[in-house]
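Attaching a single structure in structure tokens format; questions to follow.
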Amino acid sequence: MLLSDKDIRAEIDNGRVRIDPFDDSMVQPSSIDVRLDRYFRVFENHRYPHIDPSVEQVDLTRLVEPEGDEPFILHPGEFVLASTYEVVSLPDDLASRLEGKSSLGRLGLVTHSTAGFIDPGFSGHVTLELSNLATLPIKLWPGMKIGQLCLFRLTSPAEHPYGSERYGSRYQGQRGPTASRSFLNFHRTQV
């Protein structure tokens, strides 16, 4: 069940959902807007001949911070990691989906490639997978609205929520845009 603005506020007011910093003006009819932090992780395309999710490639990305109040310029066809300004913490019976903002999508900005789902129990900055599908560069201003979180109530609390020992939870408590850690639990079935 998708939570309404009334339910979102109630979950925040009683401390079950934490959005930090919280700004009530970000609450929408069935979502809460999130803003862009000031850190970006750019890909170093010359370091490796290819990306291999089965091995650690420590120099694959580099952390970048725009100077002062300057925007980050995302060029056509470019892909970077960024993160929400807000720290998001969910209880064991709520999951979330990160969706893009319609106005930014109409400019060619993709907010996430595939990883828009946030498990119950997660706590941390949400990593964004930003792509520019437009034919012109896009200015990304730290602090701008970048997406919206929709909250869903589970039919029952997760038996092993994100952050529990069972799943490893490689991104629990992440700060800023976090590079892939797929190598930590890479799985391949012989076919």
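In case you wondered, yes, glycine gets a Cβ from its N, Cα and C as well.
On a predicted model such as this, the values are computed, not experimentally measured, just so you know.
According to Swiss-Prot, the protein has these features:
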- LYS101, SER102, SER103, LEU104, GLY105, ARG106, ASP119, THR127, LEU128, GLU129, GLN148, TYR162, GLN174: dCTP binding site (BINDING)
- GLY116, PHE117: site 'Important for bifunctional activity' (SITE)
- GLU129: active site, proton donor/acceptor (ACT_SITE)
Just to confirm: which same-chain residues, 6+ apart in sequence, have a Cβ under 8 Å from the Cβ of SER103 (dCTP binding site)?
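Looking at Cβ-Cβ distances below 8 Å from SER103 (dCTP binding site), excluding near sequence neighbours, one finds none.
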Between LEU128 (dCTP binding site) and GLY116 (site 'Important for bifunctional activity'), what C-alpha distance do you get in Å?
8
Using DSSP and three states only, what is GLY105 (dCTP binding site)?
helix
Given a separation of at least six residues and a C-beta threshold under 8 Å, show me what packs close to GLU129 (active site, proton donor/acceptor) in the same chain.
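Result: PHE79, LEU81, VAL110, THR111, HIS112, SER113, THR114, ALA115.
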Going by DSSP, give the three-state secondary structure for GLY116 (site 'Important for bifunctional activity').
coil
State the count of C-beta atoms found within 10 angstroms of the C-beta of LYS101 (dCTP binding site), not counting that atom itself.
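That number is 18.
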These are the recorded positions: GLY105, GLY116. Which one scores highest on other Cβ atoms within 10 Å?
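Ranked by Cβ atoms within 10 Å, first place goes to GLY116.
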Taking the Cβ of PHE117 (site 'Important for bifunctional activity') as centre, how many other Cβ atoms lie within 10 Å?
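Around the Cβ of PHE117 (site 'Important for bifunctional activity'), 12 other Cβ atoms lie within 10 Å.
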Note down the number of other Cβ atoms within 10 Å of the Cβ of LEU128 (dCTP binding site), including every protein chain shown.
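Neighbour count, Cβ to Cβ under the 10 Å cut-off: 27.
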Return only the integer: C-alpha distance in Å from PHE117 (site 'Important for bifunctional activity') to GLY105 (dCTP binding site).
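Spelling it out, the Cα of PHE117 (site 'Important for bifunctional activity') and the Cα of GLY105 (dCTP binding site) are 18 Å apart.
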Rounded to the nearest angstrom, how far is the Cα of GLY116 (site 'Important for bifunctional activity') from the Cα of LYS101 (dCTP binding site)?
13
What count of other C-beta atoms do you get within 10 angstroms of the C-beta of ASP119 (dCTP binding site), across all chains shown?
19
